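Asks: When I checked TrEMBL for this same protein, it listed these features:
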- 12-338: domain 'tRNA-guanine(15) transglycosylase-like' (DOMAIN)
- 88: active site, nucleophile (ACT_SITE)
- 123, 194: substrate binding site (BINDING)
- 277, 279, 282: Zn(2+) binding site (BINDING)
Ligand code: GUN
Ligand code: ZN
């Protein structure tokens, strides 16, 4: 097995991906190296936290000097690094310029010859909102190229990995078709493609639909890369939807534009009076000092900060998975932008998938907003309560925990047996008074199901006016 999952939370995982140049822990962020541009040296990337890099084999191939060096010394010799390096194929150039001067078989062979750790076919990144027919014929060509790439890749017999892109534009049924075909190939990594235009225009809900449609089909034992996703603001969200690999050109592109990354959005350097960060750059410089520097020096420092915060966020996401607090982290992060909230709410259309992957034993349940009621812990609790064997003929359900009762009514969870009042989830939940409507309506729905399941009992409800209001609403 090339990929071993060591911890899970929501649909996120911490895993170990084996490559010829070593093991990479996921979720991982791959900084994009442009082999044509001298910027942060690839060998320095480890210092910021990178365990794997990504570069573009087409850019290397097109330049005679780079190509010959790569063929002679290998990709790692060319870049001067010993950590794993993934290569892209020129598909991004295909998307931007509409054409590339290379075939799929040529670029797949080239990536193998320069000893790339993860090889990518020349897939066709159909832009968002393409006509169905166009998206389908592009996808058919992508699938043909993937099959060809698989055969070429196997003929080398190297132990490097093959990435299988998932395409289909914004048509979720085509994404599912692409994912089904990808499962049938001997690839090692899946890569969800052509989402950059959506990310650039903050269409996060559309990206979420694509990711969830793909994840609903893709073999869960292989890692999934989200091509072109490099802003730390979205790492928690998409990790929770099952993404394992991100790549960042953003650290450099944003820096060249005086844009400063944070896990809750982008700041313009001109607007910053105080750096909200303690990385070496931010500790040793003031925003004013940076503004006075020459452009190249400034871009370098902002890029360094961008890398530090991006890897900091990756570590935070990994820790959240290990401590089963990824839902809490996502619900905090999505508050940075309304479109992130909208994107996370797409999870409601995939609750079964989420429930299949999310572990059931956790320590705490922090209620952090309306979205907390989507967590599988709520549904699981309500289903479990319906299974409880009740021996009495008459039971008391009370919304007031100060009076003796058989069951208590709690926001979010609904009916909680007295003996489970100290157990996870309801007993380990931190909530507050005056929660949002959702917290009561989901509880009342649970109560209704419980009462239906126990129709043969006499149930006495002792509830205050607030609960009475929600109960009446449900009954009307
Ligand atoms: N980089 C950004 N998007 C894509 C994509 O869809 N395919 C490939 N190969 N690279 C990309
Ligand atoms: Zn910083």
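Glycine is treated like the rest: Cβ placed from N, Cα and C.
Keep in mind that TrEMBL annotations are predicted by a computer and have not been checked by a curator.
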Asks: Measuring Cα to Cα, tell me the gap between residue 279 (Zn(2+) binding site) and the residue listed as 'active site, nucleophile' in whole angstrom.
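Replies: Per the Cα atoms, residue 279 (Zn(2+) binding site) and the residue listed as 'active site, nucleophile' stand 30 Å apart.
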Asks: Just the recorded positions from 88, 194, 277, 279, 282 whose C-beta lies under 6 Å from any atom of ligand 1, please, or none if there are none.
Replies: 88, 194
Asks: For the recorded Zn(2+) site, enumerate neighbouring residues of the same chain (Cβ within 8 Å of the Cβ centroid of 277, 279, 282, site residues themselves excluded), in sequence order.
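Replies: Those within range, site residues removed, are 275, 276, 278, 280, 281, 283, 305, 308, 309.
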Asks: Ligand 2: which of the recorded positions 88, 123, 194, 277, 279, 282 have a Cβ closer than 6 angstroms to it?
Replies: 277, 279, 282
Asks: Provide the three-state secondary structure of residue 282 (Zn(2+) binding site) computed with DSSP.
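Replies: Residue 282 (Zn(2+) binding site) sits in a helix per DSSP.
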Asks: Could you say which of the binding-site residues 194, 277, 279, 282 has its Cβ with the most other Cβ atoms inside 10 Å?
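Replies: Per the Cβ count within 10 Å, the most buried is 194.
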Asks: Checking the contact step here: among the binding-site residues 194, 277, 282, which have a Cα within 10 Å of the Cα of residue 88 (active site, nucleophile)?
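Replies: Of everything listed, nothing lies within 10 Å of residue 88 (active site, nucleophile) (Cα to Cα).
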Asks: Counting every protein chain present, what is the number of Cβ atoms, excluding its own, within 10 Å of the Cβ of residue 88 (active site, nucleophile)?
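Replies: A 10 Å sphere around the Cβ of residue 88 (active site, nucleophile) contains 29 other Cβ atoms.
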Asks: Using all protein chains in view, find how many other C-beta atoms are within 10 Å of the C-beta of residue 123 (substrate binding site).
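Replies: Step by step: centre on the Cβ of residue 123 (substrate binding site), count other Cβ atoms within 10 Å, giving 31.
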Asks: Quick one: Cα separation, residue 282 (Zn(2+) binding site) versus residue 194 (substrate binding site), in Å?
Replies: 34
Asks: Do you know the mean pLDDT across the domain 'tRNA-guanine(15) transglycosylase-like' (12-338)?
Replies: 97
Asks: Using C-alpha atoms only, work out the spacing between residue 194 (substrate binding site) and residue 277 (Zn(2+) binding site) and round it to an integer in Å.
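Replies: One finds 32 Å between the Cα atoms of these residues.
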